[in-house]
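If you look up TrEMBL, you'll see GLU202 marked as substrate binding site. What TrEMBL records for 20-265 is domain 'GCVT N-terminal'. If you look up TrEMBL, you'll see 302-362 marked as domain 'Aminomethyltransferase C-terminal'.
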Amino acid sequence: MSMLSKSRRLRPTPFSQGVEAQGVKAYTVYNRMLLPTVFESVEADYRHLKDHVQVWDVSVERQVELVGPDAFRLMRRLTPRNLANMQDDQCYYVPIVDQYGGMLNDPVAIKHRDDRWWISIADSDLLFWVKGLALGEGLDVKVFEPDVSPLAVQGPKASELMARVFGDQVRDIRFFRHKRLTFKDTSFVVARSGYSKQGGYEIYLEDSSYGMALWDALFDAGADLNVRPGCPNLIERIEGGLLSYGNDMTMENSPLECGLGRFCNAAEGTYYIGKEALEAEIASGPKQQIRAISIAGDAVTPPAAAWPLMKDGVRVGQVTSAAWSPDFQTNVAIGMVEADHWDAGTVLDVETSEGIRKAEVQDGFWL
Ligand code: THG
């Protein structure tokens with residue numbers, strides 16, 4: 001494959017030096033930064049993630065910070081999710097939709113206080129939408145991208161490694177909660193979260209200059225745990241049903257289509273962008289929806305474009321993520337399927353880049 005020309009627009013991360021030194025083999029571009037996709041091989045990285053512990057440079061999960069008296073008001077405008085009971089140490093997965101109910105992003109919101117929030121974004125320029133909304137509604141809130149870069153520690157030994165660096169308090173952090181913990185002469189927000197189903201943490205590095213010190217501290221402390229650099233793993237995230245914005249859904253899709261209907265529960269009387277459109281769709285039901293899909297035969301080459309799902313020569317959906325699963329001995333996939341064909345057990349044809357295969361709708365992801 002051809003090379004990627006680097007320039008100032010492809011921003012480095014505070015951990016790039018470590019990622020390069022430890023042998024990253026491939027990157028993707030995400031929020032105009034480089035996100036590692038392979039260290040050893042996708043399958044070797046998968047095995048290691050499920051058995052040990054990995055450190056992931058997920059700085060590409062950029063933060064949109066909201067600060068000011070109207071920060072909470074702006075957050076409520078931004079998402080159909082009910083934020084009324086959210087505590088100051090919680091993180092919520094929040095769909096963000098436009099006035100037509102189309103998904104603009106599927107970030108994690110981190111609440112610090114009513115007047116201070118981070119929105120940890122997926123791959124779209126959400127900052128512009130949030131700044132525009134604050135301006136248009138005349139809200140008293142500052143919206144900006146802070147110098148914050150998440151570093152994820154994922155895998156079954158994540159708690160052990162984190163406890164060695166941050167102390168045993170990390171073990172008390174519950175899922176999607178966060179706590180500020182000291183590191184050298186500073187401190188970082190540490191959350192129990194991350195883009196894998198293997199368990200783990202995300203450290204929100206504030207101040208890039210501490211990046212390599214944090215990176216090195218984790219690798220020094222975890223040598224006997226077989227800690228390695230890693231990254232979101234294609235196979236593991238498909239097995240777990242973790243969606244990828246821009247791949248599995250776009251602005252063309254509603255949160256109901258994405259299977260995120262449980263997060264569209266804003267309190268009665270709360271106005272958010274997209275409310276009318278979502279309420280209409282809740283009444284009629286979505287026309288298509290995300291499904292777990294298995295693809296027959298030997299290992300597929302993962303898709304670089306959507307693969308049509310066909311029934312008797314008619315397109316009834318598409319597969320957007322697919323990979324061979326060593327643990328389940330089948331090709332696991334994520335697809336969007338029309339209502340008439342989305343029941344578990346339905347067999348369709350999928351037009352992969354290497355020919356037609358049988359695809360079967362599953363009753364859930366591989367957990
Ligand atoms: N962590 C942080 N920021 C992120 C991601 C992350 N920004 C980009 C991207 N990932 C956003 N997308 C997701 C998708 C899924 C989850 C988190 C972010 C996730 N889902 C859990 C699940 O589906 O099981 C839990 C959802 C819930 O029940 O609340 O974790 O990974 N900081």
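Cβ coordinates come from backbone N, Cα and C, glycine included.
Where the annotation comes from TrEMBL, it is an automatic prediction and has not been curated.
Within its own chain, GLU202 (substrate binding site) has VAL58, PRO150, LEU151, ALA152, VAL153, VAL190, ALA191, SER193, GLY194 as residues 6 or more apart in sequence whose C-beta sits under 8 angstroms from its own.
Averaged over the domain 'Aminomethyltransferase C-terminal' (302-362), the predicted model reaches a pLDDT of 98. Per-class residue totals from DSSP over the domain 'Aminomethyltransferase C-terminal' (302-362), listed helix then strand then coil: 3 helix, 39 strand, 19 coil.
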